[in-house]
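Student: Input: one structure, supplied below.
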Amino acid sequence: MTSSNEQLVDALRASLKENEELRKESRRRADRRQEPMAIVGMSCRFAGGIRSPEDLWDAVAAGKDLVSEVPEERGWDIDSLYDPVPGRKGTTYVRNAAFLDDAAGFDAAFFGISPREALAMDPQQRQLLEASWEVFERAGIDPASVRGTDVGVYVGCGYQDYAPDIRVAPEGTGGYVVTGNSSAVASGRIAYSLGLEGPAVTVDTACSSSLVALHLALKGLRNGDCSTALVGGVAVLATPGAFIEFSSQQAMAADGRTKGFASAADGLAWGEGVAVLLLERLSDARRKGHRVLAVVRGSAINQDGASNGLTAPHGPSQQHLIRQALADARLTSSDVDVVEGHGTGTRLGDPIEAQALLATYGQGRAPGQPLRLGTLKSNIGHTQAASGVAGVIKMVQALRHGVLPKTLHVDEPTDQVDWSAGSVELLTEAVDWPERPGRLRRAGVSAFGVGGTNAHVVLEEAPAVEESPAVEPPAGGGVVPWPVSAKTSAALDAQIGQLAAYAEDRTDVDPAVAARALVDSRTAMEHRAVAVGDSREALRDALRMPEGLVRGTVTDPGRVAFVFPGQGTQWAGMGAELLDSSPEFAAAMAECETALSPYVDWSLEAVVRQAPSAPTLDRVDVVQPVTFAVMVSLAKVWQHHGITPEAVIGHSQGEIAAAYVAGALTLDDAARVVTLRSKSIAAHLAGKGGMISLALSEEATRQRIENLHGLSIAAVNGPTATVVSGDPTQIQELAQACEADGIRARIIPVDYASHSAHVETIENELADVLAGLSPQTPQVPFFSTLEGTWITEPALDGGYWYRNLRHRVGFAPAVETLATDEGFTHFIEVSAHPVLTMTLPDKVTGLATLRREDGGQHRLTTSLAEAWANGLALDWASLLPATGALSPAVPDLPTYAFQHRSYWISPAGPGEAPAHTASGREAVAETGLAWGPGAEDLDEEGRRSAVLAMVMRQAASVLRCDSPEEVPVDRPLREIGFDSLTAVDFRNRVNRLTGLQLPPTVVFQHPTPVALAERISDELAERNWAVAEPSDHEQAEEEKAAAPAGARSGADTGAGAGMFRALFRQAVEDDRYGEFLDVLAEASAFRPQFASPEACSERLDPVLLAGGPTDRAEGRAVLVGCTGTAANGGPHEFLRLSTSFQEERDFLAVPLPGYGTGTGTGTALLPADLDTALDAQARAILRAAGDAPVVLLGHSGGALLAHELAFRLERAHGAPPAGIVLVDPYPPGHQEPIEVWSRQLGEGLFAGELEPMSDARLLAMGRYARFLAGPRPGRSSAPVLLVRASEPLGDWQEERGDWRAHWDLPHTVADVPGDHFTMMRDHAPAVAEAVLSWLDAIEGIEGAGK
């Protein structure tokens, strides 16, 4: 074959192979498009107290009618609205419906929403939020685990009649009414609150909304728009408007009950509720081990088009719809057993729907197998936008229970239908629906919108699950933990109660599998508890008894230290149970046995198991090696379960164990030290000394023994816990003296005197036997209680271990150093019994391991649970069986116990303002404080307490809480609902009450009430202002003084008063803004200046407005907002923008020098030149950002400064930023628009005066305007994003050219809605989206400085 022929053959082979691959890919795509979608989770709430799909099924199966009268909380005055005679204007002849029991209830704090925003929110949004959280939990998915993933949100939401006219909205709800009552926000709020990044779509096709949403979600899953879809619908009737409107049409059933497909049908009947599904591709659900409740085989939507009328149903369209859905499912009509009908109970709609079903599903059916037809609306009314998904949940439950429930209120089938035209039967009685070999059970669900949009889906029973392998028993021989957590203590109590009821009721539950589900499918929150038991009954009992639970609260997890005590922890049989129940413990003990055996003539295991031939723990040369082995083996157990030390600390002989765990000694060397040293003690010191523990400080102890020369201080264990050692007779003498003086003293049961001069007699012997040790460099930080410092070199030689035995143990000072200077918050005593835990200071968390006579798996699991309850990250997988979160055999666990408060704006009558309640009251600040130089002074503790009380009152008032007690003192205010609006309102209130000039960002700089109170108290102390408890008159005046934001501007308080401010206002009104800037620049020369960064009189610490440390760990860039030059500027400029970066990136804002308060509380110094100011900022930024790459962002004049700062960082500090974001800058040479709009600019400054424009700030603005007016020396090499406003600030003549922001250097452009000011206020999310997209691009392509 010629070469050319060979090439041709090769080419043909390659082409055939490529074609085959293309065909395979085409088949894969086709299979993907046709793949059924799995329903893996469901949640719902309906009338009659229905809170779950199980409740719904129980009600439906029992044939319950859930219609009731209008709840009083709605405030409708139904007696005035009701008129039994139809057609009278403004009245309704119906007073019944299937109302939600708690439509006003909502756990706002759980979602970080303030009470005043919750009050402004449509209850439909609130219901969707809680149901969406629950659907993840019910699917066995931790809701926190989906944050940042491509979960799509598709929800149906119709009526939006909750909010009143925004002009008469309740006080304090301004800024929340629009978003709180926009149907578009309903889906977006779910995505925002849960961090979901797939599509977020709200559908309003009236009654078909949620089923249309389901159809769109199925398409999104098949197209790859999302990997998981949350689908739902909601309906809450906030006003009687729907009753009045449909009463005028006489379209409603007078008794409020749906009589679907019945001769007695007399109109629709309203219901309320929320229904949510969670869907995945079937293959994904199986791969992830998620339980499949049912599958959606097919769906279709269409429109009636130009039919009999806008709101009239259209039979041919419904028939076409059903055929479309069956085709999508690749099924025939006879493959479907039942249809959940739309069935609204109207005399027009029901016959049309029934005829469409007869013409489609009613044809071609086998004898005796009619299509069954029912409607959930007969139980729960017409739940409008929620009704479609509600019907899906009903049919999924019917599939699971094998029963088709009956439809209520059907006297007989409607005579408006020829039922003989096909094989369709109404479910007037319940019918069994068992599984059948060779035939899958299927159901159709219909929903038709009043505007003509129709939807139909086909459901199929879940595919058979392969037999699961038997669940392996947990490592602890049946002992399992059930962890529970909540956002608040009250919610935790409720959660515990729910789980206890679950353990009581669900006798089929496997405790180990339920434990795994609790771990895998529930978010770990701050308030925690754990029940430990070896059976369902034991766990139930533990949950019922407070003393049976481990409880804790997570604050700052801080750092973890392992503590290894000296003697005194031993007890006969310690560790014996764990030898049999903990493989990790047994393996570590076996290693120790091997290491000890060359130096001892007894067996470690025999001693632990108390074998008759084994020596007892009474001998020092036995107890010390055994205690060592137990401690290091327990350390291995802690590490196996995910708790690893960031430092180790040992007490006396405990330092040997600590050294081994730290890697500073090998196991062989550690065994040598502990055995040979204890043998020397037994041979030479035993019987010659004693030790005593005193409840005294070190200094008081020293004074006590100064005349007892045979005694010395052996150890300092705590502030009032000191150990003395020495001669036995003097020990007795000291004990008697202490007893006589009422001082607690305990003689330690040892007969030798460690840490005293007695030890000097064995110095030479220890030098000999411990010669040749090979100390290592510690791999885990080792803090020496002998040296009082870190051991960082291989220094633990024989001499060290002599000194360790001879000299004082500085345990308490060591703990203080680790806690105060090194950030250690958790100290785990790794021992068979705790002896040091109770000596730890209150500011740290002390945890034990085993306890005397309680050393088995139950105690170990309890100790591990205590660690988790107090905030440590436990590896639950090491404690629990390896199984999926929820297998088909596992009953559903209780969902989160939301803590509801009532939020409801009642409808107003003619000419009235709406009433509103947040738990039925106006939140006010009830009490005040007297401030100022004339007040009766409190001591420091009293002042801090008084200030904290004031902070709590004002925070409660701003958030519209019932009382200050609802505001957690140690939780960040952002997490309980503070945002940019409430932060400013709160700051204004506190400033007015105290006379201070706190910045609007103060709640972000000092995020918790405690931290904030400390800042305020310190500032008052600096000013020498006293604080006193308020008089009755002062208590009455505080709320008036703390008027809400907007009632009085910052300028009106006097804080912004001054000659220049008044002149500036006049200049703006006269359209002489630019001229006055020159005046301010000239006058600024008379303000004191600083000429080097070191001389800057302000703290320029950047304020963390959003994000967290996770981003830095990932190497993603930190965003730094460069505050602008405006006199009202500061880090608060970025409050609204930064909200969109929460959970995305760290967002810092750095102040500009010259605008704040100097260190002596006077006016800050101005920089002598721009580079000096930039250097001061650069130092602050580099300190705050650490090793993380930095992206600078500025708006307007701040944008110009951001570029100058980038150049300065690059050239003067060798730290070029990863990028620069310039938001609407107008640099020199391109300032014509600024000159034309100078008046609008000035007016904008006064309109946005969150920070009062004092004379000092105006002069600073003038100084920086002069700095930026001239040419600058260079340009930064960092990539630049230019974000431009899309709307002019004022009138603009086209012949002037382009008014938009300009930048001469290379850059990327993003245009966003709004003008120069509103882009950073009303359209801040659009700016954030542009910035985030650009950052992702530059980090993906260029690495963004990683």
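Just so you know, glycine gets a Cβ as well, placed from its N, Cα and C.
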Student: Report the candidate from THR1125, THR1139, THR1163 that shares the substrate site with GLY1197, ASP1224, as recorded in Swiss-Prot.
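Tutor: Matched candidate out of THR1125, THR1139, THR1163, per Swiss-Prot for substrate with GLY1197, ASP1224: THR1125.
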Student: Taking the Cα atoms as reference points, how far is HIS342 (active site, for beta-ketoacyl synthase activity) from HIS1316 (active site, proton acceptor) in Å?
Tutor: 51
Student: Checking the contact step here: among the active-site residues CYS207, SER652, SER1196, HIS1316, which have a Cα within 10 Å of the Cα of HIS382 (active site, for beta-ketoacyl synthase activity)?
Tutor: CYS207
Student: Report the nearest neighbour of SER652 (active site, acyl-ester intermediate) in space among the active-site residues CYS207, SER1196, HIS1316, comparing Cα positions.
Tutor: SER1196
Student: Taking the Cα atoms as reference points, how far is HIS1316 (active site, proton acceptor) from SER1196 (active site, nucleophile) in Å?
Tutor: 8
Student: Should CYS207 (active site, for beta-ketoacyl synthase activity) be counted as helix, strand, or coil on the basis of DSSP?
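Tutor: DSSP assigns CYS207 (active site, for beta-ketoacyl synthase activity) to helix.
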Student: Using DSSP and three states only, what is HIS382 (active site, for beta-ketoacyl synthase activity)?
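Tutor: In the DSSP reduction, HIS382 (active site, for beta-ketoacyl synthase activity) maps to strand.
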Student: Along the region 'Thioesterase' (1127-1332), what average pLDDT does this model show?
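Tutor: Its mean pLDDT is 84.
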Student: Give me the Cα-Cα distance between CYS207 (active site, for beta-ketoacyl synthase activity) and SER1196 (active site, nucleophile), rounded to a whole Å.
Tutor: 48
Student: If one looks at the chain holding SER1196 (active site, nucleophile), which residues at least 6 apart in sequence have a CB under 8 angstroms from its CB?
Tutor: GLY1124, THR1125, ALA1126, VAL1223, ASP1224, PRO1225, TYR1226, HIS1316
Student: Could you tally the C-beta atoms, other than its own, that fall within 10 angstroms of the C-beta of SER652 (active site, acyl-ester intermediate)?
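Tutor: If we count other Cβ atoms within 10 Å of SER652 (active site, acyl-ester intermediate), we arrive at 23.
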Student: Count the other Cβ atoms sitting within 10 Å of the Cβ of HIS1316 (active site, proton acceptor), across every protein chain shown.
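Tutor: Summing over all protein chains shown, HIS1316 (active site, proton acceptor) has 24 other Cβ atoms within 10 Å.
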